[in-house]
Amino acid sequence: MNSAIQLIAIDKRFGAVHANKDVNLDIARGTIHGIVGENGAGKSTLMSILYGFYEADSGEIRVGGRAVSIRSPADAIHVGIGMVHQHFMLVEPLSVVENVMLGAEGGPLLRKGEAKVKAELARLSRDYGLQIDVDATVGDLSVGLQQRVEILKALYRGADILILDEPTAVLTPAEADALFELLRALKTQGKTVILITHKLREIMAVTDRVSVMRRGEMVATLETTNTSPPELAELMVGRRVLLRVEKTERKPGAPLLEVSDLSVIDSRGVLRVANASFTIHAGEIVGIAGVSGNGQSELLEALAGMRQPVLGSIRFGGQEIALDRHNPHHMRQLGLLHVPEDRLRMGLVSAFPAFESAILGFSDEPRLGHGPILDHDRMVEDLTQKMEQYDVRPPAPRLKTSKFSGGNQQKIVLAREIERRPKVLLVGQPTRGVDIGAIEFIHRRLIALRDAGVGILLVSVELDEIMALSDRILTMCGGQITGERKASETTEQDLGLLMAGVTDEAA
Amino acid sequence: MSAPIDLPKWADTILVPAVSVVAAFLVAGLVVVGIGENPLTATRLLLQGSLGTGEGLGFTLFYMTDFIFVGLAVAVAYHAGLFNIGGEGQATLAGLGIALVLNNLTFLPGIILIPLGILGAAAFGAAWAAIPGYLQAKRGSHIVITTIMFNWLASVLIVYLLVNVLRAPQNMNPETPAFPPQSEILFMHEVFAAFGIEIPASQLNLTLFLALAAAYGVWLLIYRSRLGYAIRVVGSSPTAAVYAGISPARIIVVAMVISGALAGGLAVNELMGYQHRLLLEFTAGYGFVGIAVALMGRAHPVGIVLASLLFGILYQGGAELAFEQPAITRDMVVVIGGIIILFAGALEGLFRRFVAHVMPRPALAKA
Ligand SMILES: Nc1ncnc2c1ncn2[C@@H]1O[C@H](COP(=O)(O)OP(=O)(O)OP(=O)(O)O)[C@@H](O)[C@H]1O
Ligand SMILES: [Mg+2]
């Protein structure tokens, strides 16, 4: 086999956490190689070692058969390894060309370098069928296109091996398909791609081989054609996983959250939610299906009190929410809790120790302290308990929030909101970046919450998730609610049409 | 982007600043060599002048008191994500507050008048900081710009008031009449003398203990209180603050009020503890030193106390040095201070990298 990369006996510890244990991995040139594993299994750590963010405690990296020392991203680029970060490292006010040039300007005068970059980008676009307007301002591009710019940046710097860490977590399904198209094109040109994802169907669709990590160890590497999602799931978690959670029919109770004619504008003054009306009852899960960016985020924020609606009314438990009380604090006191879509920007404070992030929104709770002073021991004890319950790894309440892997961060947010026994729970993208074992767990929790009489509004770009959890499904398109279905009486195609704005009347 | 550097907490809080200070002194030493003096002699004179004599130590601790207050002021604003450059102006106004309270309530006994004077300082400093805070919160006017402008406003205001309003009629100097004697905060040598212990006289007064108490209070506020929690949320992630129902606008004003009140401590030390009247330019640029102190102390009260001690040594030792070795002027001492600020503040990342590089791996793994 012609190896692009060989990792030999890579070992890495973070204090007590053994993130990579004697990992061996051989990646063939010109293939797409998937890596899967539970949250905290050590996937990102391994890739960070390969890209020079971290140095392994021991072990060897070989690129093209030659042992190399990669001590910084610059070294990695030098040996032809490029990485596309989940959080893009782009300068939004600059154009695509300028972003690609950044750090590779080729001299003090930009003119000459710019011409060279443009020519090179034209060639790359041709070779890989990447369509992109090189003079566009990056900030104006969609997330999918911004990701392309990241890929172009890596290719421009001569990357032969491209690492993508959960690239599809932020993409719409159509954007994800376009990305896979591109990855296949890269493969035919002889590039090697390493793809980390939690979505097994993506692994099945696009990879040639797949490696499974569990608790820091590399437990298997398989030909994709010889395996199946259930097998991968079992390898990852070490037990059988229900890919779809059981749920019984239940009769919804009294109306809890009544929304009528709600209209919301965003900070630029653009109308994002138009005349939305719906009701959430006790003991039901209402899902909102829609391509991301169609007003779901603004709807959630308005219901949570973070955004003032321009029109319409919200009633909670029969009581109308007055405008001057429409704020997150008051909504929380009423019992409307919120798992935000964007855990890093809203749900947590990454610079805080986890136990401080675990009281975000609740720092006024009398039981958390004495008068104006917070009781840290109490907070730590609380979180220790929740970490055990939600199987957060590592169970270290004092560790900085940013040092937990994505899925474990999500569990911290979920534990914080769910364990406070809400009356209504707003949930945005509850399983984004979360592994399948944890998805099963989170789904069970949400259903248990529903069975206990909580009204849940679920927003997710994963149609599977909406269909699996919801009792009723609303579709959103262009800020409007375009349809309503009982989950038991609809299909993906049906919802797809509604999400595309083909309403019942029009059909 | 560069790789994140993880260091054990002790290395981060003690080793890195220590390394940068040593490096700064080495570079400063080269400067001293450059002007033809012996850096070892200079260092000896500096330490001798600031720590070697009881009197020198007294002055060092007096300056330290000033720096603790302004350092804490900068730090509190910093935790809310604000850069308060206005310590000078806030301390100046605090001085006005002190003068108004003390010279108008002369009939009160010291035990009441002294706390009132301190409150006056805090209230005036807070009010002067609240205005830029409000403008930032409600109008988005950048706090760096407005606090700098408010420094100028404070300085012309105080000149006007001292020349035209507050000056004692017969006095040729732009200064208020002396504060009532019962309002003077005791000098440390007076306190010791009361217990029959003789220590050399200096400007050092009991305000030092107020400064240390303030440092403890700020620690409690920032790291242990609900309000401090809210302040840090706003400072580290404004979007998370909105999610949490914490109003960034309110917190910005509150943090600036606390910051301004702390800057007022400088006026307490200088005026109630030493000058015993309000005069021009008593802040002497210490408000700006507060920025360096807070940076170097990493906005943590313990770090700020240590950094204040270092800057106290520099100020007092520097004065002695300039006196003993005329070739090394006050300006040279300012340059050395500048080098330390540059190394400890701006180049901190460089030293973190260096420390991470030379530290043995097992020590890192225990991080
Ligand atoms: N800088 C760090 N300091 C301490 N621990 C860390 C650090 N980075 C990662 N870890 C720990 O190492 C383990 C592996 O983390 P890693 O991010 O590699 O997981 P992952 O497989 O990418 O998970 P996810 O799927 O959730 O992204 C986790 O337990 C994590 O908490
Ligand atoms: Mg990861």
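Glycine residues also receive a Cβ, built from the backbone N, Cα and C atoms like all the rest.
The transmembrane segment annotation in TrEMBL covers B:14-35 (among others).
The transmembrane segment annotation in TrEMBL covers B:56-78 (among others).
What TrEMBL lists as transmembrane segment is B:107-131 (among others). Only residues 6 or more beyond the boundaries of the transmembrane segment (B:107-131), in the same chain, are considered here, and those with a CB under 8 A from a CB of the stretch are 84, 86, 89-91, 93-98, 100-101, 146-147, 150, 154, 179-180, 182-185, 210, 253, 256-265, 267-268, 272.
Same-chain residues lying 6 or more positions outside the transmembrane segment (B:143-163) and placing a CB less than 8 Å from one of its CB atoms are 77, 82-86, 88-90, 92-93, 95-96, 128-129, 131-133, 135-136, 174-176, 256, 278-281, 287. The transmembrane segment annotation in TrEMBL covers B:143-163 (among others).
Taken from TrEMBL, the feature transmembrane segment covers B:204-222 (among others).
If one looks beyond the transmembrane segment (B:252-271) by at least 6 residues along the same chain, the residues whose Cβ comes under 8 Å of a Cβ in the stretch are 62, 65-66, 68-70, 72-74, 76-77, 79-80, 82, 84, 86-87, 90-95, 97-99, 117-118, 121-130, 132-134, 136-137, 143, 179, 185, 205, 207-208, 210-211, 214, 218, 221, 227, 231, 234, 277-278, 282-283, 286-287, 290. If you look up TrEMBL, you'll see B:252-271 (among others) marked as transmembrane segment.
Under the heading transmembrane segment, TrEMBL lists B:278-296 (among others).
Sequence annotations record features per position, and here TrEMBL assigns transmembrane segment to B:302-323 (among others).
Among the features that TrEMBL reports, transmembrane segment is placed at B:332-351 (among others). Under 8 Å from some Cβ of the transmembrane segment (B:332-351) lie the Cβ atoms of residues 16-17, 19-21, 23-25, 27-28, 31-32, 35, 289, 292, 295-296, 307, 310-311, 314-315, 318-319, 321-322, all in the same chain and six or more residues away from its ends.
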Which residues of the same chain, at least 6 past either end of the transmembrane segment (B:204-222), have a Cβ under 8 Å from a Cβ in it?
58-59, 61-62, 64-65, 68-69, 72, 75-76, 79, 118, 185-189, 191, 228, 231-232, 258, 262, 265, 268-269, 272-274, 300-302, 304-305
Is the transmembrane segment (B:14-35) packed against any residues at least 6 beyond its ends, judged by a Cβ distance under 8 Å, and which are they?
7, 42-43, 296, 298, 303, 306-307, 310, 327-328, 332, 335-336, 339-340, 342-344, 347-348, 351-352, 354-355
Contact set, same chain, for the transmembrane segment (B:278-296): CB under 8 Å, 6 or more residues outside the stretch:
17, 63, 66-75, 78, 85-92, 95-96, 98-99, 151, 155, 158-159, 162, 166, 173-176, 263, 266-267, 270-271, 303-304, 307-308, 310-311, 337, 340-341, 344-345, 348
